[in-house]
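Visitor: Right, I'll just put the structure down here and ask away after.
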Amino acid sequence: MPLPFGLKLKRTRRYTVSSKSCLVARIQLLNNEFVEFTLSVESTGQESLEAVAQRLELREVTYFSLWYYNKQNQRRWVDLEKPLKKQLDKHALEPTVYFGVLFYVPSVSQLQQEITRYQYYLQLKKDILEGNLPCTLEHAIQLAGLAVQADFGDFDQYESQDFLQKFALLPVAWLQDEKVLEEAAQKVALLHQKYRGLTAPEAELLYMQEVERMDGYGEESYPAKDSQGSDISIGACLDGIFVKHKNGRPPVVFRWHDIANMSHNKSFFALELANKEETIQFQTEDMETAKYVWRLCVARHKFYRLNQCSLQTQAATLNSVRRDSSSRMSLPKPQPYAMPPPPQLHYNGHYTEPFASSQDNIFVPNKNGFYCHSQTSLDRTQIDLSGRIRNGSVYSAHSTNSLNTLQPYLQPSPMSSNPSITGSDVMRPDSLPSHRHSALIPPSYRPTPDYETVMKQLNRGMVHADRHSHSLRNLNIGSSYAYSRPDALVYSQPEIREHPHLTSPQSAHYPFNLNYSFHSQSPYPYPAERRPVVGAVSVPELTNVQLQAQDYPAPNIMRTQVYRPPPPYPYPRPANSTPDLSRHLYISSSNPDLITRRVHHSVQTFQEDSLPVAHSLQEVSEPLTAARHAHLQKRNSIEIAGLTHGFEGLRLKERTVSASAADVAPRTFSAGSQSSVFSDKMKQEGTEEQEGGRYSHKKSLSDATMLIDSSEEDEDLEEDSSREQAISAVSEPRLTAAFSQELNYPCASATPITGPLHIFEPKPHVTEPEKRAKDISPVHLVVETHRPRRDGLLTPSMSESDLTTSGRYRARRDSVKKRPVSDLLSGKKSAVEGLPPLGGMKKTRADAKKIGPLKLAALNGLSLSRLPLPDEGKEVSTRATNDERCKVLEQRLEQGMVFTEYERILKKRLVDGECSTARLPENAERNRFQDVLPYDDARVELVPTKENNTGYINASHIKVSVSGIEWDYIATQGPLQNTCQDFWQMVWEQGVAIIAMVTAEEEGGREKSFRYWPRLGSRHNTVTYGRFKITTRFRTDSGCYATTGLKMKHLLTGQERTVWHLQYTDWPEHGCPEDLKGFLSYLEEIQSVRRHTNSTSEPKSHNPPLLVHCSAGVGRTGVVILSEIMVACLEHNEVLDIPRVLDMLRQQRMMLVQTLGQYTFVYRVLIQFLKSSRLI
C-alpha cells in the first residue's frame, strides 16, 4: 500500500533496538571485565545494580553501587532511585558505568558472603594500584607480595618469577621508572616466596587488613573552599566528614554523632553541629557539586547509623574447621609452553556465617534450621590441558540438597555452574582424591562459557557422561539471589543434564557419583587489550544423557524440601535471553522446579511472551514424553491445547468458572438457590482439580517462558478442596441465611478459620448469623458477614451529613483558636481532607463519564445483584504467591470493586459507640474536630491532673494481631496549642518511643498540627511542657521524610528517654502521594527504628505502641496503620482481607481512612510492595 505524500520507507531485514525504548548498559566490573545488560529506558540505577549483583551472585549489595565519569572527568556515583539512562545522557562523559564499593566497613568481618569479600579485595587492590589510596613504596611492595600469593598461589609452581613483570604490582605513580619496577619485582618475588603456604583467602584477608590500617582508607573527597577562602578537600570517611587543608594545617574530622544536620544552598555545603550553636559552611565548585556532596554525605551518615550496632557486635573469628575442606588450593605446574593460569580456587565461608556454604554438611542433618546454601559443582571432568573448560551460566542456581532437613537418602548437588570474576584453575584429575567430596569446592561465580566452546569440548570427548551428577530435582531457584531481589533484570537457564546408571567403580561406595569441574580464563589479570564482552544471559548446556530417575522419586524430594515457587518474569522482560532452544532436543523432565510451577501470566501476556519459542517447545515435547517415568507423573495446573496455533487453546483451570455454574446463576437468587449454587460451584472446582491430577507432563516450557505450580501445592489444594466439599455438605443449610444476607459484599467468602488476624475489642459486636456460623459449624466455617447497613444501599464515602456544621462547632476561647469561627461554620475546614464543598455532588455528563459506570450506579442507589466473580468474592488466599496477590489487587482496582468495597465498611460503630468523656463541655476545646472523637472503651486514659481532671486526650488505642504478633498503635489528632502538655504526658505514660507524623504543621495556610517539639539549631532547642522537658538532638532529612531524635526528661524524677520523631513530608495538600516507593521507604524506616528501639528498650516495655497522628488522627493516620498491617499480612503469608481489617480498625477509632482516594492509595501501596518483593 503506497504511503501518502509519496513517502518511501527503506525495507531491511534488520532489527534495530530503538534508543527510545531500550538501553544497553555496559558495566565494567572490578576485575576489568565488561558485562552488558539490555534495560528499559525507565530502569533505575538500583535495577542495574541488582542485575550486576545477580551476575556475580552477590547478596550483600548494600556496600556496592555504580559510578560513571561526568563531563569534567570526575567520578560520580549513580543515583539509584532515578533512571540510569537519563543520568548518563545528562551528566556522563561516556555511556560506560563502573561497579565498585561505595560504603567501606571498619573490618571485613562484617562481610558475610565470600563473593562480597572477594569483590571488596578487588576494590582495595584497585584503589592501591590506581593511586586513589596513597601509600609508600615499601608498603606497596608488601601489598603486592600478598596480592601475588592471593592471585597466583605458591611460588614453587613456576620455573621462574618472570611473569611478575607482566603483573600489575605497584601504583601507577611508579610505573614510569623501569629501575624501580625491576627492584620492586625482585622484592615482590622474595615476599612471594615468604608467603608460601598461605591460601588465597588468607592472603586476601591479610591484604585487606593491611589496607584497613592505612590513612585515607574509605575516604572520598572533593575540592572546596572554607569560610576564609582557603583551598581544602572535603569528603566522607568511616567516622564522619573530614576537612583536609592544603596549606599544611592538620585535618579536621566532624564525627557523625556530632553532626546534627547537613544542608546545601546554591554552591554551599553546610554542617550544623549538635554540641555547638554554629553552622560551618564550605563552598564547592558549583551548585551541582554541593548537592552531590550533600547527597553522598547523607548516604554515608545513614549507612553509619544503620550499621553501627551490627559493627560493634559482629565477631571476626575464623572457622578453621571449614577452611580445611573449602579453601582454595594451589595448582600443579602446567606445561612449559603455556603461561600458567592464576591458581585461584575461591573458598566458601571463611568466616562464621548464618548459613552453611559448603558441601561438608551434605551428610549431616542441619540442626539449627538455618538456610543452607551451596554454590558448588561436584562434576568431575576429564581435562585435556591443551584446552580450557568453561562451565556454567551467568547465574548459577543454588542447591539445598539434603542440608535443610534430614532426608532418608543422599542427594547429589545439581550441576550448578561456577561463573567467576577472576580466573580459576586446571587440575590434573589424578591429583585429586576421588573419595573427598568436599575438599575441592570452587565458588559459583566463574565466567560464562561460550556455547560453541562447550559443544566442541563435548565432541572431543572432554566431558564423560558417566561422570556427571544426575540430579536436578532440587534446583532451588526460589532461594537464589535472582529471586530475592525486586525487579531482577537478568536470568539464565540452568544447566539441564540427564545421566545413565552409574557403572564406574569409584561410584560404587556412594549412592551418588562425585564429580569435579574446574575452569580457567585469561592468564593475565590485567591484560592490555580489552576484555571480551560477557553476555548477561548464558546459554544452557544441555547434555543428552539418559536419566536415572528411579533412585530419587520426585514426589519424595518435593515433600522433604521447603519449596516456594518463584514468581513469574515481569513483562516486558528488560534483559534479553538468547539461548537457541530449538537446537536442544533433549531436556530433563526430572526437575519439578523447572517444569511444575503455577502459571501467573494472563493469556494475552503468555502469548506475547511465549510465541517466539513455540517451535522449540514442539521439538522438546516428544523426548520429554519418552523420558517420563510412571512414578514421575505429576499434576499439571494448566492445559495447553493447540500449541501450533499460537496457544489459542490455553486455559487457566484455576481462573475458570465452570459453564454450568455460570448458566445456572440467574440475575437474582433466593436464599436457598444462592447456597446451593455456591456449594455446587465448590464441588465442581474440586472435581476439576481431581481430574487434573491424572495429567502428566508431555510438554515442558522453558523456565523463562512460563511457571507452573509444584506438585506439593497441588496435593495441598486437592486436600483443601475435598475438605471444603465436606464442610459445605454439612453446613449448607445453616449457612443459607448468613450467605444470602451478605451476598453482595464483594469480599464475602467461606474460609476455614486459621487465626491469622485477631482483633482486640473491649466490647465485641457479633451479629446472630455470625454466631450461628461460628458456633454450629464443626470446623468454624465462617462467612464474612458484616453489620447490616441502614438501608442496604451504597452511601457516599463521606457526605456532609456525616460532618455537620453544627458538629464542627467547638466552644473554644478566642485566645486559643487559630482560625476565625467563620471558617469553621462555613464548612471550609473539615476533618475530611479534599472533600468537595456542599452542593458539589451535582455531576455534569462529562463528570459522570469520568467516575465510571460502577461508581455512577452506586451513587444512584444501585447495588450488585450478581454473584461476585472468584477474584472479587474472596480475600487473597494465604497460599497465593506474591504475583497472584498483586494480580488480584490490580483487578479490584481496574474493575472498580474498591469503591463498592469501601462503601460497605461502616464508618462508625452502630452500637456501643459511646464517646461520653469526649463530649464533656470541659473537653470540647481539646478536640480539633467535634465529630472525630475516641470511643470511651478504646480511648487513651491519662493520669488526671489539676488542668485535666478527666485525663482526656483525643487519642485511641488500636490493637491488631497478625500471625500471633501484636501490633499496638495510638492514633491521635495533631496536638493543639493547649494540648501539648497532654500529648507529652501520653507519650511518657504509654512508653511511646516512636512518633509517626503524617502531616506538615501548616497546609494551605491552615494549621494541621501545633509544633510540639523544638527546632534544631535555634537558640531555643529545648522546650518545657508541664513536667516534661523536650530537647532536639539531631535531625536527618531523607527525601520524603525526616528523622529527628528527641530527648524527653521528666523534671520531677529526672528520668530521661529517647523519642524518635518520624515526619512524612511528601504528602500533598490534596489527594495522596504519588511516590509509592517513598511512602514504602517511610514505612521501612518506621520498622527499622521500631526494631532498634525494641532491641534497646527494657523488657517491661518491649513492645511500646507506635503513636501515629496527622491533623484529625483518622485520615492519613489510618492509611499508615492499615498499610503497615497489610504489609505485615503479606510478609507473614496471611489472608489479605483489606476491608475486614479496616472494619476492625474503625471499631476502635471512627472514620479511619477517610476518603476513597486514601483507601485506593493503600491498594496502590500494597501493589507496589508486592512488585518490589515479588522475587524474594
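One-based numbering along the chain as shown.
Glycine too: its Cβ is placed from the backbone N, Cα and C atoms.
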Visitor: What residue among Ser230, Ser469, Ser721, Ser801 has an entry for phosphoserine in Swiss-Prot?
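Guide: Out of Ser230, Ser469, Ser721, Ser801, Swiss-Prot attaches the phosphoserine annotation to Ser801.
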Visitor: With respect to Swiss-Prot, which of the residues Ser263, Ser484, Ser637 bears the note phosphoserine?
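Guide: Comparing Ser263, Ser484, Ser637 with the record, Swiss-Prot tags Ser637 as phosphoserine.
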Visitor: Consult Swiss-Prot and report the residue, out of Ser19, Ser267, Ser590, annotated as phosphoserine.
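Guide: Among Ser19, Ser267, Ser590, the one Swiss-Prot marks as phosphoserine is Ser590.
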Visitor: Test of record reading: of Ser396, Ser602, Ser676, Ser806, which one does Swiss-Prot tag as phosphoserine?
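Guide: Candidates were Ser396, Ser602, Ser676, Ser806; Swiss-Prot attaches phosphoserine to Ser806.
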Visitor: Which of the listed positions, Ser589, Ser621, Ser728, Ser830, does Swiss-Prot note as phosphoserine?
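Guide: Checked Swiss-Prot: the phosphoserine annotation sits on Ser589.
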Visitor: Based on the annotations in Swiss-Prot, which residue of Ser670, Ser799, Ser1088 is described as phosphoserine?
Guide: Ser799
Visitor: What same-chain residues, at least 6 away in sequence, bring their CB to under 8 Å of the CB of Glu1069 (substrate binding site)?
Guide: Glu1003, Gly1004
Visitor: Look at the binding-site residues Ser1111, Gln1154 and tell me which residue has the greatest number of other C-beta atoms within 10 angstroms of its C-beta.
Guide: Gln1154
Visitor: Where the record says Glu1069, Cys1110, Ser1111, Ala1112, Gly1113, Val1114, Gly1115, Arg1116, Gln1154 bind substrate, what is the longest distance in Å from one Cα to another among those residues?
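Guide: The substrate-binding residues span at most 16 Å between Cα atoms.
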Visitor: Looking only at DSSP and grouping its letters into three states, which state does Cys1110 (active site, phosphocysteine intermediate) belong to?
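Guide: The three-state answer is coil.
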Visitor: Can you check which residue among the binding-site residues Gly1113, Gly1115 has the largest number of Cβ atoms within 10 Å of its own?
Guide: Gly1113
Visitor: Cys1110 (active site, phosphocysteine intermediate) has how many other Cβ neighbours within 10 Å of its own Cβ?
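Guide: Looking across every protein chain shown, the total is 27.
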